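TrEMBL has this to say about the protein:
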{"type": "DOMAIN", "residues": "4-226", "note": "domain 'Cytidylate kinase'"}
{"type": "BINDING", "residues": "8, 9, 10, 11, 12, 13, 14, 15, 16", "note": "ATP binding site"}
Ligand SMILES: Nc1ncnc2c1ncn2[C@@H]1O[C@H](COP(=O)(O)OP(=O)(O)O)[C@@H](O)[C@H]1O
Ligand SMILES: Nc1ccn([C@H]2C[C@H](O)[C@@H](COP(=O)(O)OP(=O)(O)O)O2)c(=O)n1
């Protein structure tokens, strides 16, 4: 069994690369960012005032969230409803940092994330006890600091804006990149107030994907894993 932790800023490739690494190694995959997005949607749909920290924390503690950890088809369900598309809506992307900077919410989601990781390191989980790749902002440092492999995936601001712009707007011209700026840079600035994901902590390997294509980035992460789990 193996635990692989991947952190990094928005658009660095965490989700897509972690999914590919998990699929290659036969491991489960946990998108912790999707959990913060689901918590945001849960509060917004329930009419909870996002500025009321205690009310948000209370709502999130009662959130009926189910994370599917198959890297080929990861799922997110809230009370049985498939919310995979809804949690990617611009309104959620804009509001998510307000929920993710709530320290009581972080404690609750951290507890749930550790439970998923533990379940995949025991017989009976999706991976049959093989292990998991978990990605987010504080996995290498807080959620799983004792993971077998810890990777900080980075990319230049320019590369991250271009990728997100292509993904969301289907273009990377000047106006599309400008429209993506808030979703990437402002959010990273806000998220940085509660998690340290811009510089690698001690023992965390940095993979800079600025000049790598997708397959090269997957190979670079697999090389780190092979090195530390050899
Ligand atoms: N090394 C890479 N080169 C080019 N595009 C990439 C690379 N890594 C990821 N991408 C693309 O960039 C976009 C953002 O990646 P994603 O995995 O969602 O990042 P994150 O989870 O860090 O926000 C996706 O469309 C993805 O396919
Ligand atoms: N472990 C984590 C994962 C995500 N977050 C926060 C930070 C982000 O703004 C949101 C959404 O994360 P997500 O990974 O979906 O973000 P991207 O859109 O891929 O940049 O959740 C966090 O605070 N801690």
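In case you wondered, yes, glycine gets a Cβ from its N, Cα and C as well.
Annotated features taken from TrEMBL, shown on the structure.
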residue: 8; record: ATP binding site; Cβ contacts under 8 Å, 6 or more apart: 14, 135, 137, 152, 153, 154, 155, 197
residue: 10; record: ATP binding site; Cβ contacts under 8 Å, 6 or more apart: 160, 164, 183, 184, 187, 188
residue: 12; record: ATP binding site; Cβ contacts under 8 Å, 6 or more apart: 153, 154, 155, 160, 209
residue: 16; record: ATP binding site; Cβ contacts under 8 Å, 6 or more apart: 214
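Note: the ATP site is recorded as 8, 9, 10, 11, 12, 13, 14, 15, 16; in the same chain, 17, 153, 155, 160 also have Cβ atoms within 8 Å of that site's Cβ centroid. With a cut-off of under 6 Å between the Cβ and any atom of ligand 2, the binding-site residues 8, 10, 12, 16 reduce to 10. Residue 16 (ATP binding site) carries a helical DSSP state (H, G or I). On the 0 to 100 pLDDT scale, the model's mean across the domain 'Cytidylate kinase' (4-226) is 96. Of all Cβ atoms in the protein chains displayed, 27 besides its own lie within 10 Å of the Cβ of residue 14 (ATP binding site).
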